[in-house]
Amino acid sequence: MTGKHVAVLMGGFSSERSVSLSSGVACATTLEECGYRVTRIDVDRNVASILVELKPDVVFNALHGPFGEDGAIQGVLEYLQIPYTHSGVLASALAMDKDRAKKVAAAAGVVVAPSRLMNRFDIGSQHPMKPPYVVKPVREGSSFGVVIVKEDQPHPPQVIGSADWKYGDEVMVEGYIAGRELTCAVMGDRAMDVCEIIPVGYQFYDYDSKYVAGASTHVSPAKILPNIYQKIQTMALTAHRAIGCRGVSRSDFRFDDRFSEEGEVVWLEINTQPGMTPTSLVPDIAKAAGISFAELLSWMVEDASCLR
């Protein structure tokens, strides 16, 4: 028995609430099995008061989306001086902003796709760049709001400028990179295996293919050339360090090998709060490296600190 009291934060009030609840329950259950004393907290606006009264030894942050991974809850935990998992205030805020995180990664030598930051209302009826391209909300996760504009579309989709859009006015318009979906997790200061994601019946790795059982296949380690494998690991670790991440992060890539085995590798984004659901990538990647889910979570708890 470890004796440590771990508060697992989950749920919250972002668009990724259901994903967070799934992550939180899986993590809390496994940590209990590891011998930790666990309190599950479905986060609301009173979370600071709850934590002051609870006085946990460590907070395991299983929140996703705004407030959970944008530096906000991290700032609360720093103020309360409660050690916590994952990245700190600055890295969390930076990584949540796809455009700014991309600029920092590119400055560190990571290969990125061409893009521009826009207000969604400025897109109008004319293409902001030559199709195909992707429109992404700047501060959303789980592929919420991602729109792929194909070459044969005469105009941008109307939903981007409509009242139905609920992902903020700032969007990133990014050149579409064809090819295979690859991802690489970083644990501490170590790049783990590269994993290929193969969506089953989906155009890309969207919300359903991420969280619906059987909607995607994870191949870890990915079947790619050794030099490409190492290149992806290097870029994942470079982005992790440049953005200032701590604990576990996961970087997503596109690998276009349609015309040669060497192909082209492009970094897409980094996730400082990767999912920990039964269908999530990081647990699968860790398992392929011989690290069980319990060992992964225990390492994260023991790695927790303030001033991250």
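Glycine is no exception: its Cβ is also placed from the backbone N, Cα and C atoms.
Annotated features, as they stand in Swiss-Prot:
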DOMAIN    102-302  domain 'ATP-grasp'
BINDING   128-183  ATP binding site
BINDING   Asp252, Glu269  Mg(2+) 1 binding site
BINDING   Glu269, Asn271  Mg(2+) 2 binding site
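Swiss-Prot feature annotations superimposed on the structure.
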residue	record	contacts (Cβ under 8 Å, 6+ apart)
Pro128	ATP binding site	Arg116, Met118, Asp122, Pro156, Val173
Val135	ATP binding site	Arg120, Ile123, Gly145, Val146, Val147, Val149, Pro156, Pro157, Ile160, Val171, Met172, Val173, Glu174
Ala163	ATP binding site	none
Glu170	ATP binding site	Leu117, Met118, Asn119, Arg120, Pro137, Val138, Arg139
Ile177	ATP binding site	Ala113, Arg254, Asp256, Glu264, Val266, Leu268
Glu269	Mg(2+) 1 binding site	Ala95, Lys98, Ala101, Lys102, Ser251, Asp252
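All chains included, 22 other C-beta atoms sit within 10 angstroms of the C-beta of Asn271 (Mg(2+) 2 binding site).
All chains included, 19 other C-beta atoms sit within 10 angstroms of the C-beta of Asp252 (Mg(2+) 1 binding site).
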